[in-house]
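S.K.: According to Swiss-Prot, the CTP binding site annotation covers 42-50, Lys81, 127-128, Tyr132, 157-161. Positions annotated as substrate binding site by Swiss-Prot, on the basis of similarity to another entry: Lys81, Trp110. For 14-28, the entry in Swiss-Prot reads compositional bias 'Low complexity'. Per Swiss-Prot, the feature compositional bias 'Acidic residues' maps to 281-293, 301-318. Here Swiss-Prot flags 319-332 as compositional bias 'Basic and acidic residues'. Taken from Swiss-Prot, the feature N-acetylserine applies to Ser2. According to Swiss-Prot, the feature region 'Disordered' maps to 1-32, 276-332.
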Amino acid sequence: MSNVIGDRTEDGLSTAAAASGSTAVQSSPPTDRPVRVYADGIYDLFHFGHARSLEQAKLAFPNNTYLLVGCCNDETTHKYKGRTVMTAEERYESLRHCKWVDEVIPDAPWVVNQEFLDKHQIDYVAHDSLPYADSSGAGKDVYEFVKKVGRFKETQRTEGISTSDIIMRIVKDYNQYVMRNLDRGYSREDLGVSFVKEKRLRVNMRLKKLQERVKEQQERVGEKIQTVKMLRNEWVENADRWVAGFLEIFEEGCHKMGTAIVDSIQERLMRQKSAERLENGQDDDTDDQFYEEYFDHDMGSDDDEDEKFYDEEEVKEEETEKTVMTDAKDNK
């Protein structure tokens, strides 16, 4: 018989089949037909550890393998193992939906004997090599017989997963699962919870939700404070650059505004002068001459001003000479 893969301890087994660890010489598998491998167990809360152990049994031999899986009924299991979560029919049905299983044997015996092997034409029994205490009192190890006759096929366990571990997770978070089911419409009677415990659980859940909301708000406030700090640091780092840019733009605008004001004043002065000349009867030529004189005055050089100064001095000297000569004649 091949490895027993659904274990009675409800622990999962790994998928790679290992060499036999039994001291007896292992019998040779048949070559004219598929090898019939048997695996048994409780398979409560069927999980991937169970599936991997069944995969090991199915792939224990290179040729075609026919895998039979035995599952103990509720009476036998409760007597030697303890209470299960799933009923026997639920456990049988879980096994039937595993792709590695060819046949499910319900009401399997707690200890495999020669009569059972002959009845189902079993070649090998598959299970891990660790001794499994026989609580029925028939022997020290449930698989002691098949190991002695060389019809035991060893498998490896899958660490980290077992039915007991799953139950422990549920027990650990029992209150949360109770509240979840109460919120989904289950009554406290369905869950076996007293009135006082139900109220206490609801109060605790409200307090927990309040704590979660407070924590969420604190995180949001912290994020906003961090954002403000980042913006402040960015403003401080770029303040000088922003101020310099503003002053440059402001100075350029003031220069343009000053130029526009000067041009406007000059234009108004020219218009006013032109209007005065027209009132005095001067023609357009005189007006043009005024423009020329105006621009010449604005754009004239210092040399032109010097020439005008010397001309005026010469005129004054001539007038002085004339006055002196006139006075001399009068004295004569």
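Every residue, even glycine, has its Cβ placed from backbone N, Cα and C.
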S.K.: At 10 angstroms around each C-beta, which of the binding-site residues Phe48, Trp110, Tyr132 has the fewest other C-beta atoms nearby?
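M.R.: Output over binding-site residues Phe48, Trp110, Tyr132: least Cβ neighbours within 10 Å is Phe48.
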S.K.: So if I draw a 10 Å sphere around the Cβ of Lys81 (CTP binding site), how many other Cβ atoms end up inside it?
M.R.: 16
S.K.: Can you tell which of the binding-site residues (Ile42, Leu45) has the fewest other C-beta atoms within 10 angstroms of its C-beta?
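M.R.: Selected from the binding-site residues Ile42, Leu45 on minimum Cβ neighbours within 10 Å: Leu45.
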S.K.: If one measures from the C-alpha of Glu159 (CTP binding site) to the C-alpha of Trp110 (substrate binding site), what distance in angstrom results, rounded to a whole number?
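M.R.: Distance (Cα to Cα, whole Å): 24 Å.
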S.K.: I'd like the number of other C-beta atoms within 10 A of the C-beta of Glu159 (CTP binding site), please.
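M.R.: There are 10 such Cβ atoms around Glu159 (CTP binding site).
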S.K.: How big is the Cα-to-Cα gap, in Å, between Lys81 (CTP binding site) and Trp110 (substrate binding site)?
M.R.: 10
S.K.: How many Å lie between the Cα of Trp110 (substrate binding site) and the Cα of Phe48 (CTP binding site)?
M.R.: 23
